[in-house]
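**Student:** Have a look at the structure that comes next, please.
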Amino acid sequence: MKITTLVASILMSVLLEPVIASFIDTGKDTSAYNRPLIHLTPNVGWLNDPNGLFYDKKTSVWHAYYQYNPNDTIWGQPLYWGHSSSKDLTHWEEHQVALGPQNDDEGIFSGSIVIDYNNTSGFFDESIDKDQRVVAIYTNSIPDTQTQDIAYSLDGGETFTKYKKNPVIDVNSTQFRDPKVFWHEETNKWIMVVSKSQEYKIQIFGSLDLKTWDLHSNFTSGYLGNQYECPGLIKVPIENTNDYKWVMFLAINPGSPAGGSSNQYFIGEFDGFEFKQDDSITRVMDAGKDFYAFQTFSDNEQDVIGLAWASNWQYANVVPTNPWRSSMSLARKYTLGYVNQNVETKIMTLIQTPILNNLDVINKVEKNNHLLTKNDSVITNFSSSTGLLDFNTTFKVVGESIDSNSLSNIEILIHSQMSNSSTESIKVGFDRSVSAFYFNRDIPNVEFNNNPYFTNKFSTYVEPSHYDEDDMPVYKIYGIVDKNILELYFNDGTQTMTNTFFMSEDKYPHQIEIASNVDGQFELQSLLIRELNN
């Protein structure tokens, strides 16, 4: 897996009236051992869906807003837009709250941000740089309805003024939310995709000025679950061509195939009015349990880059962290390519590449052309640990299978440091007998792991990257572990799996071991393990 490098006071709006209560600590601060180093987290409070992602071309800064409750570590109203920024998509700096509701029983729900270069909204004059004409489009959720509202910023997205004639769309519904807006060059207008959540509709609207919207069409495909949320629609380039396809994203919760919440996507064409799928396939974005509410950055013309919420609504409110809860995934770059589903079928698939910038390599271990045996594992011997490690390996299945009725596996074990005379581990494995990868995050000493929805063991099928000259399957896997989250990228990102995990107090990832329970069945063609620091 290649690591992509991209070149990349409290002055509130007068409309953000409610006072944010001071955070009350309800338990031990776990920041030292399970706060991720490079995954965006709030300093205190609750975080969920990414909102309003945009790139400021004037300052070369990436902005991420998110659903935020500063008053507690669980979801609850009043709900705000928190705000963080980054110069490299790896290191994040928290800002003041950006948007807030009028009353304590209301919420500024999910939405997006656009740059109104041509001042179609009329909110700006020439004193505001064209690259910083920031307009937020969001769901205003009040007890009896959800409407789509807008607000504008005159200081590059730090503070916002709400439009006096809000709402801009009101369809008299309590389940109408999460607008994602973009400029459609071909028809010279703004496009909004927004969810009629419990009707399983993604509605497509058009506007010339961000204020007056016309309904164009409905998109109604996909795996249903309980409701649709957090849609998106964007052009994604096809690798090794000058072409692209439109991709529709949507999230479902609850009721995803793996339980709880997840993301799906569809590939097709968009003419400015209607999105039409190229095929009838519903594609899954991530095979893990902790990847939801995906959104792409606007106004980044070079690449398609996005973030997701790295949690699951089945257990997000009770994960053992304090004084914050939840993180984002790593930023990922997205392209499309044809990928083998089996030996006879290729389909167009999203390819996901993690973005890591400006990290120090503290320690590393390398191995090449190494045949694993039961008594000869490869293990790091790092004297220190930041809790931030990655591994990149290509391995080949060799020889004849010994027994198709028993496990014949290669495992990547992530061990904690020794603390209180014990260590803890999670593992990723490949079982030759069924040609599947599996993940095990079961840590018996942690009470939270008894939560029935925090699925500890699950698997996914991954087609080989390729076959060698002897017709033996070859697999690639890149993984990055950051205190309490593991992101896996199979076969150069053609499939991913994102999962959180929780070790005992004062334990965090320290060593990585590559092992097998059989002799001579797996050859490490290449292996690189690194300890990193931010």
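Just so it is clear, glycine is given a Cβ too, placed from its N, Cα and C backbone atoms.
Note that the structure is predicted; figures quoted are calculated from it, not measured.
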**Student:** Among GLU229, GLU239, GLU366, which is the one Swiss-Prot gives for the substrate site where TRP46, LEU47, ASN48, ASP49, GLN67, PHE109, SER110, ARG177, ASP178, TRP313 also bind?
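**Tutor:** Swiss-Prot lists TRP46, LEU47, ASN48, ASP49, GLN67, PHE109, SER110, ARG177, ASP178, TRP313 binding substrate, and from GLU229, GLU239, GLU366 it also lists GLU229.
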**Student:** Whole-number answer please: how many Å between the C-alpha atoms of TRP46 (substrate binding site) and ASN71 (N-linked glycosylation site)?
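**Tutor:** The separation of the Cα atoms works out to 8 Å.
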**Student:** Does ASN420 (N-linked glycosylation site) have same-chain partners at least 6 apart in sequence with Cβ under 8 Å from its own Cβ, and which are they?
**Tutor:** SER504, ASP506
**Student:** By the DSSP assignment reduced to helix, strand and coil, which category contains ASP49 (active site)?
**Tutor:** strand
**Student:** Using only C-alpha positions, which one of ASN172, ASP178, ASN392 is spatially nearest ASN218 (N-linked glycosylation site)? These are the recorded positions in the record.
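**Tutor:** That would be ASP178, the closest of ASN172, ASP178, ASN392 to ASN218 (N-linked glycosylation site).
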**Student:** Could you say whether, by DSSP, SER110 (substrate binding site) belongs to a helix, a strand or a coil region?
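**Tutor:** In the DSSP reduction, SER110 (substrate binding site) maps to strand.
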